[in-house]
Amino acid sequence: MLKRDMNIADYDAELFAAIQEETARQEEHIELIASENYTSPRVMEAQGSQLTNKYAEGYPGKRYYGGCEFVDKAEQLAIDRACQLFGAEYANVQPHSGSQANNAVYMALLNPGDTVLGMSLAHGGHLTHGSPVNFSGKLYNIIPYGIDETGQIDYEEMEALALEHKPKMIIGGFSAYSQVVDWKRMREIADKVGAYFFVDMAHVAGLIAAGVYPNPVPHAHVVTTTTHKTLAGPRGGLILSNDGEALYKKLNSAVFPGGQGGPLMHVIAAKAVAFKEAMEPEFKVYQACVVENAKAMVGEFLERGYKIVSGSTENHLFLVDLIDKGITGKEADAALGAANITVNKNSVPNDPRSPFVTSGIRIGTPSITRRGFTVEDTKQLAGWICDVLDNTDKPEVIEATKAKVLEICKRLPVYA
């Protein structure tokens, strides 16, 4: 018999210490990694529920195991809420991650060796959009498109490449692009060559749910997303479509049994919670503030003489190009980390350095906005970051900045 008062602290001191240390790090560091966010205690409650005990291969009403009548309810709630949130007719909430969701789309729509047009990783795309080190780059013939000299997606190049190579699928979406994507234009390009149009909206799903960024669902054959990042739910994936039953069946089969076995029912329940939270009025206010804060930070960086890729942001993230400053992304990452400010080094367009060093950093505002940073707080933070980047060789500047960070983190805790 299992006792309900069993806990990690009494049983596994080493693991408990690691968890406590990470909890403290999150509270005492300013999180600016664009793909990270803080999920609610309600989401974590669902993830820690007894639904983790249940195997449920298949889909609601069509399971391979008995005893699934209650997890069916949980999964159907997640499906219905996802459809309502994004204006979709179909949703699959079972992918364990965004990459798994993307893999399912490839499996459903393509054969190995088919040609795919995807955004270059060096210009802001994602590993699963055709990187040579990823399954997508190994199994398919990838033709990369990129951005122009202004930092905007080069739609003319994209169309020319599509007409030349006749891809079977065109991918829209990004991991490091700060502007608004013209989903309609991309669909028109896909239609010209008879290609599927697939959108990976993982980075901006929360903004889209709140109506502060254009929704690709009306334009794409299929859309995927993660359920964390700006959506602020549990780590997982989601597939959406409005393109008809024939495609829905292919997508379902590509997830199970094509790529996964049993779904994670506790995570699916947490997704249902997150989708409900994303329908609340305060979520819309939050997402609008995410964009306002990102714009405010960009303004401060520009005033301090820093180069921003594309010169502005229209979403939750932006890239700081450090080539002219004579410091690497790796050095900037380390210096800011010493001041309790967490960013990630990131390649910039035409970066002369390797992906392990880079010439830029990527900054995102979902996490700081979640903990209550205002525009004024965010401007102040941008100034602190510039102070550190201007003085990476001066420990006293880094220590002074760290003291300011600890003070504001105490004033604005993640979990009050």
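Please read every residue number as a count from 1 along the shown chain.
Any Cβ shown, glycine's included, is placed from N, Cα and C.
Swiss-Prot lists LEU121, GLY125, HIS126, LEU127, GLU245, SER354, PRO355, PHE356 with the feature (6S)-5,6,7,8-tetrahydrofolate binding site, giving sequence analysis as the kind of evidence. In sequence order, SER347 constitute the residues six or more apart from PRO355 ((6S)-5,6,7,8-tetrahydrofolate binding site) in its chain with CB-CB distances below 8 Å.
According to its DSSP assignment, LYS229 (N6-(pyridoxal phosphate)lysine) is helical. Taken from Swiss-Prot, the feature N6-(pyridoxal phosphate)lysine covers LYS229, and the record attributes it to sequence analysis.
The site 'Plays an important role in substrate specificity' annotation in Swiss-Prot covers HIS228. Cβ neighbour count for HIS228 (site 'Plays an important role in substrate specificity'): 26 (other Cβ atoms within 10 Å of its Cβ, all protein chains included).
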Rounded inter-Cα distance in Å - SER354 ((6S)-5,6,7,8-tetrahydrofolate binding site), HIS228 (site 'Plays an important role in substrate specificity'): 28
C-alpha spacing of HIS126 ((6S)-5,6,7,8-tetrahydrofolate binding site) relative to HIS228 (site 'Plays an important role in substrate specificity'), in angstrom: 16
Lowest local Cβ density among HIS126, LYS229, which the record lists as recorded positions, within 10 Å: HIS126
Rounded inter-Cα distance in Å - LYS229 (N6-(pyridoxal phosphate)lysine), HIS126 ((6S)-5,6,7,8-tetrahydrofolate binding site): 14
Three-state secondary structure, LEU127 ((6S)-5,6,7,8-tetrahydrofolate binding site) (per DSSP): helix
Position of peak Cβ density within 10 Å, selected from the binding-site residues LEU121, LEU127: LEU121
Neighbour tally for GLY125 ((6S)-5,6,7,8-tetrahydrofolate binding site), based on other Cβ positions within 10 Å of its Cβ: 25
